[in-house]
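Trainee: Quick one: the structure is below, and I'll ask about it shortly.
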Amino acid sequence: MKIHKHAPMNGVIHIPGDKSISHRSVMFGAIANGTTVVKNFLPGADCLSTIDCFRKMGVDIEQKGTDVVIHGKGLKELKEPSDVLDVGNSGTTIRLMMGILAGCEFHSTLIGDESIAKRPMQRVTGPLKQLGAKIDGRANGEYTPLSIRGGHLKGISYESPVASAQIKSAVLLAGLQAEGTTTLTEPHKSRDHTERMLSMFGVKLDEDEQSVSIEGGQTLKATDIFVPGDISSAAFFLVAGSIVPNSRIVLKNVGLNKTRTGIIDVLKQMGANLEINEVDAKGGEPYGDLTISTSSLKGIEISGDVISRLIDEIPIIALLATQAEGTTIIKDAAELKVKETNRIDTVVSELKKLGADIEATEDGMKIHGKTPLQGGAVVSSYGDHRIGMMLGIAACITKQAVEIEDTDAVRVSYPNFFEHIEYLTKTV
């Protein structure tokens, strides 16, 4: 796809439903007793993979666009799949599914695409094995395909070496099926969508700032879920509104969960002109309307605990930093190396092609601004949706046209991303 320099971005858009919450709404609805209705579901490729996996285990799921109805019969009624469970490109699906399957008394095999085959799973299979799950795979359970035979689990206390919502969620979902209490402690709090939604489904948890405990044997009761807009998707247009001259964009019903709003903190610190109007907190998840307009920005250091609250937004933050006066340093973000791509390397290589003054570091990157981006280059998403969208926004401020390869990757989390660019600028 070739994108030319655009006019100012102005308008009101509804950001697609949150990917993390959409995944969990299907998973928890599938293992609950009763019918769960989900509104504003994200019909992206990743979340559709989650639906497909549960259908293969006998769960009746109706999906029409952003509406999903899940007819759950409880954990014990999941059926042994006759085929492999293919998670596609979805790391959330495979890691949370492992937690569910760890306690199911049948055999299952999890596979994914080429990207998933390269992503490390030991960080999840390790604690699940401690609970008693039988999991095997390439490199002793490090890589897919993963073979799981669930069964009797016993609660554990586990200290996670990293703050990861996927590790935490997998352990809690296994702990739900274990004998006794399971406790997970992490270095600092990761996103808490699992805890919020389990509570919505009637599960009791014991939480403090860095740990969460769950008592095994609890059952989930069906409920209705409203999925707010995904702040990780909103981040692309928050940055666009900040750096495209003479722009003003309103983003409706965006999730404002405090464990996800690191991008808002960074924008404010850099001097962005951002207004927040909190609207509601349906389903335990706060959301509101965000208004962003063009402003002068300054470079900052981004490191420490905030990284886990904005890890998925770092590619677009890197673009933001190219248009800020001074140097922006991103540290403590080595987790980027094991995403859909090595996002440190891909962000640096692709932005350099456009003329950015950016360099990779061991655990992040250093960006010197303010730098006019030239464009006139061919860049690629390398199959990574967040890289593809970052490049789409970058092309809105380059002096020359930019050709982006593999733009289909954005369908994973934001199927109408380029349509929203077209609407806001009236040209693509």
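Any Cβ shown, glycine's included, is placed from N, Cα and C.
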Trainee: Write down the one residue from Arg55, Arg119, Arg196, Arg309 that Swiss-Prot lists together with Lys19, Gly91, Gln166, Arg343, Arg386 as binding phosphoenolpyruvate.
Mentor: Arg119
Trainee: Whole-number Å only: compute the distance from the Cα of Arg386 (phosphoenolpyruvate binding site) to the Cα of Ser164 (3-phosphoshikimate binding site).
Mentor: 19
Trainee: Helix, strand or coil for Lys19 (phosphoenolpyruvate binding site)? Use DSSP.
Mentor: helix
Trainee: How would DSSP class Asp312 (3-phosphoshikimate binding site) in three states?
Mentor: helix
Trainee: Which has the fewest other CB atoms in a 10 Å radius around its CB: Lys19, Arg119, Arg343, the listed binding-site residues?
Mentor: Arg119
